[in-house]
């Protein structure tokens, strides 16, 4: 991973490119790849004659795009440092989710269009053509399994079902996309009209898939192991901050080489019998110290519940640091931090460390009950020491009303449109805060938000 | 939700536009036999037209092809039987799922100097486009291997299979 390469400055994580250029560059690169794939079809197709060729042609295009887009999806999740820092892990996850639905639609369209198109050409029925395709064309049966896997993963990830699943179940089902990509690979080269006799296209297709596979193995497998050997993370203390909220202190060697910025997170894998198989993202809840890090976790699922039983001395694998929710995004002198619930964690680190003169930094902290206010003592100490504003809003909305209206926000924070605003909280809250901030006159580019739901 | 609808509309429109920019009548497309005798220069498939008989490299366009062959799939057996000592032997008609495949060999001093496809599936444009790419490759492979032990062309499994069977039968007839 490039972030701890010797001699690299924090600003170099994005290869010298200004951070805000990275999303546009990434989207351009993805688009250019799609155009190249379409060009492959274009160059190979002399004419489109008759209904069957319209259908088959559409089937080929959707198929090529699906085959390409699945590599994009995997690359988005390959923890590529430039993307993690420049685009942000939460945004990558959103792109991945949107793209995932798109790929499932493309793969299904490809399947149906090809069956229909071939059936029209052969003058047979849909069912018999489906059988023929699966049983007589090389590798098509495997591709059918792949498309069914993709549809299955798509259904499981759908908004209606996803909340009913354990995070871990859903997460591990996703590994079947690797299987799907591998199963579908064969039929592209064996049956894809565009690849017959076209060595360049075949080589490019191989390069695309092998390249993504290498990046995945490197970033998701080898880098964590290398970091574990180098830093030897170990749990030192577990402290209950509030009901259902615990802080875990983790010691490690040579932490300075990680070039951690407050606001970032790691993906943590605690090596205990029940937890080792899952790496979960948790933000650092304090600015990094020389020999120790702290994360704070709320009981949101089975994994975070299992963390309460962690003992000091437990070894930890950590991937990171990730995330662009840092002081680097800031463009103004004045800064407002808006935290909801356990969303306080990265903001607590920023509140402590983001450079600001007294009066220029304000933290607005929303919690359901005063018991849910974690770090209360710490926050008040920081506030007193740094001369920063600290506002709590505690109580159910039915009692205290909605604090996130343009009117209330403007009244609470003088010169609001002149601030950079960092928002972290549950999706429901950020969904109300951001429009309110926009209405209160904060430009979109100065609203930085991170969702902690991956 | 709005972005999903947008994506679907953009994709569908893009598809229809792409497809509609291509010619839609058969005459605008290359004629079936014509595609064999004049492949586009620089195309990866053009190489398959290199006459192995003469042993020299040539590109698809530079060499005017002699197409005085009876089949719809003239191969590299141009000028067959014109020289003394050359023998022309047809293979059996090998049936495949998509139609019959038959090849003809030109033998000179016990060597294969030309292969010609007398028939191959060309009922649909799909068969045609696949075979017009696959058959030259198979011809090349046969000339290079001097036997029927040649690789299947990916994407044209059936044609390859029929080709090999017909080729083997021709070799058997020639006593090779």
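Any Cβ shown, glycine's included, is placed from N, Cα and C.
These figures come from a predicted structure and were not determined experimentally.
Among the ranges A:173-190, A:227-244, the one that TrEMBL lists as transmembrane segment is A:173-190.
Mean pLDDT for the domain 'FAD-binding FR-type' (A:228-328) in the predicted structure: 87.
Ranked by the number of CB pairs under 8 Å to the transmembrane segment (A:173-190), the listed stretches A:63-82, A:140-161, A:202-222 are led by A:140-161.
Tertiary neighbourhood of the transmembrane segment (A:140-161): same-chain residues 97, 100-101, 103-104, 107-108, 110-111, 133-134, 170, 173-174, 176-177, 179-181, 183-184, 186-187, 191, selected by CB-CB distance under 8 Å and a gap of 6+ residues from either end.
Note: the domain 'FAD-binding FR-type' (A:228-328) comprises 18 helix, 43 strand, 40 coil (DSSP; helix = H, G, I, strand = E, B). Sequence-remote contacts of a segment are chain residues at least 6 beyond its ends whose Cβ falls under 8 Å from one of its Cβ atoms, and for the transmembrane segment (A:202-222) they are 1, 67-68, 71, 74-75, 77-81, 181, 185, 188-189, 195, 319.
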